[in-house]
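Structure first, commentary second.
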Amino acid sequence: METESVKSGLSEQSSRGRRSRNHTHRSNRLYSNRSSRTQGTSPGDCLLLQDDNWGENTTAVTGNTSEQSDVEDASLGSWPGEPDTGLGFLCHRYLGSTITLVLSMVAFLSPLTMVVLPKLGFFPALVPGSAGAQQRMRLLSCGAECKGLLVSLAFKLALLAAGAWGVFLRRPRATMPRIFLFRAAVLVLVLVCVFAYWLFYVVQVTEGAVQSAVGGDPVEYKGLVAYASSLADTLLFIHYLAVVLIEIRHLQPAYYIKVVRSPDGESRSYAVGQLSIQRTAVWILERYYTEFPNYNPYLERLPVSKSRKAGSSFKFYEVDGINNSSMQQSQSRAMLAAHARRRDSSHNERFYEEHDYERRVKKRKARLITAAEEAFTHIKRIHNEQVVVHSPSEQAHVHLVSTVSSIPMDPHEAAQAVFPSMARSLQKYLRVTRQQPHHSVESILAHLADCLSHDLTPRAFLEPYLVPAPVLQNEKEQKRVQTWALICEELLSRPIRHGVTFQLRQNDISLICHVRALPHFNITEEVVDPKSNKFVMRLNSETSV
């Protein structure tokens with residue numbers, strides 16, 4: 001018995017050793033095959049070939065994850081132009097907002113300060129020292145009319161604070177190279193207004209003290225409250241002007257902009273209002289990241305047909321050592337004629353290659369949809385009314401179960417369970433559509449787990465891979481800061497006009513924008529006589545009625 005147990009233990013160890021050696025041999029062979037395939041290819045093709053087999057090795061998720069991370073690192077290295085996040089960029093980004101915040105706080109606190117300072121005794125000249133306590137109380141008293149002004153001032157300041165928060169105190173969406181003229185004009189107007197009111201406030205208090213010293217009428221507290229209320233009214237009117245210039249003026253369409261992306265030629269058309277060139281560029285980028293399809297540079301290199309791979313080399317052999325000039329001329333003429341025929345038929349080759357590519361994409365798409373539908377049939381949600389659920393994560397954990405093992409699983413475990421059945425089809429579809437560098441195994445599993453937790457259909461799960469839009473759907477484009485270069489012959493702070501052309505450039509992608517003015521629409525009225533709405537049927541021998 002001991003001998004048999006020792007033999008069985010040795011046999012198990014030997015079998016495990018053989019399996020591990022076979023697995024290592026297969027991995028080395030797979031790596032050698034990959035390296036042999038990547039030799040003689042372009043860097044983009046090498047990137048696409050690095051993870052060709054993550055859909056085949058569906059049981060080893062961790063190994064595929066590490067391989068995919070290498071692909072992600074390589075793909076990230078191919079996207080240069082990281083944004084500048086240094087001190088200079090931060091100062092340029094938040095300097096305008098800081099100045100706006102400081103001026104807004106000064107303007108908002110100025111009416112309050114004008115009302116509170118006399119009560120705190122900061123202006124002792126307001127009440128002469130020879131005046132008695134009764135006269136001092138009379139000058140600083142606030143009757144019914146004064147209290148009404150104070151209530152009105154409080155509501156005005158509340159409306160002013162809400163309006164300033166909505167218009168000025170917002171995080172900037174873009175850092176522009178030139179100043180925003182309307183915003184700068186409003187801030188300068190606020191600064192001039194506050195400075196003028198404070199100047200006249202100090203002058204009024206000082207002159208009132210002088211007049212009171214010589215026997216004239218002193219300045220009453222009610223007058224100072226009315227003065228502060230007039231400052232609040234002026235600030236409200238300035239805020240109304242800012243809303244009109246910054247938020248309302250550009251809403252009416254006045255120009256038509258044609259945006260063309262290079263190098264793939266994708267285009268969109270938009271109608272915009274009165275904006276400056278730099279603000280128009282920001283507006284275009286917002287539409288670009290939310291409406292344009294994702295640009296895939298690997299789709300520019302479609303698979304080359306065998307006829308084009310064959311090349312244009314011809315071999316001529318000498319028979320019996322005969323080599324004269326006439327034979328060489330005939331050979332050169334034949335080569336030139338063959339090259340001309342291939343050049344004339346290059347458009348046919350392109351047509352058939354694109355047609356064959358579209359056919360293969362449709363075929364892979366149909367297989368992927370079928371595989372996803374079959375994979376989703378293996379997972380169902382448990383509806384158990386006796387289970388008390390306290391959170392959505394706990395609900396997803398207790399309600400997902402595999403139809404094969406009948407073991408409750410959380411969404412991530414369920415995604416790992418069903419993903420191998422459709423990984424190969426998904427991998428082939430991503431390979432033929434050149435989307436492998438844009439989707440990692442971790443992101444696919446996370447998306448699948450999210451779809452399972454929300455009871456989404458297979459079509460909803462496949463939407464990011466079947467519809468590569470918009471641009472922000474690409475993981476490579478999801479950055480905190482996107483840096484673009486704006487190129488234009490005009491000054492960027494000037495408003496757009498008919499015929500202006502500017503370009504936005506980032507790495508290999510450029511957006512060329514052509515501005516055209518919308519025409520004036522002349523609408524005339526045409527009256528139709530009701531008597532003309534009568535008809536007569538014209539019959540002949542061939543009429544079927």
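Glycine too: its Cβ is placed from the backbone N, Cα and C atoms.
Annotations in TrEMBL come from automatic prediction, not curation.
For 1-13, 55-68, the entry in TrEMBL reads compositional bias 'Polar residues'. Annotation source TrEMBL lists compositional bias 'Basic residues' at 16-28. TrEMBL lists 1-77 with the feature region 'Disordered'. If you look up TrEMBL, you'll see 94-117, 149-168, 180-204, 224-246 marked as transmembrane segment.
The list of residues near the transmembrane segment (149-168) in space but at least 6 beyond its ends in sequence, with Cβ under 8 angstroms from a Cβ of it, reads 100-101, 104, 108, 111-112, 115, 142, 222, 225-226, 228-229, 232-233, 235-236, 239, 242-243, 246-247.
Within the chain, the transmembrane segment (94-117) has long-range Cβ neighbours (under 8 A, six or more residues past its boundaries) at 123, 150, 153, 156-157, 160-161, 164, 168-169, 171-172, 179-180, 183, 187, 190-191, 193-194, 197-198, 201, 224-225, 227-229, 231-232, 235. Long-range contacts of the transmembrane segment (180-204) within the same chain, counting only residues at least 6 positions beyond its ends with a Cβ under 8 Å from a Cβ of the stretch, are 96, 99-100, 103-104, 106-107, 110, 114, 219, 223-224, 227, 231, 234-235, 238, 241-242, 245-246, 249, 276, 279, 493.
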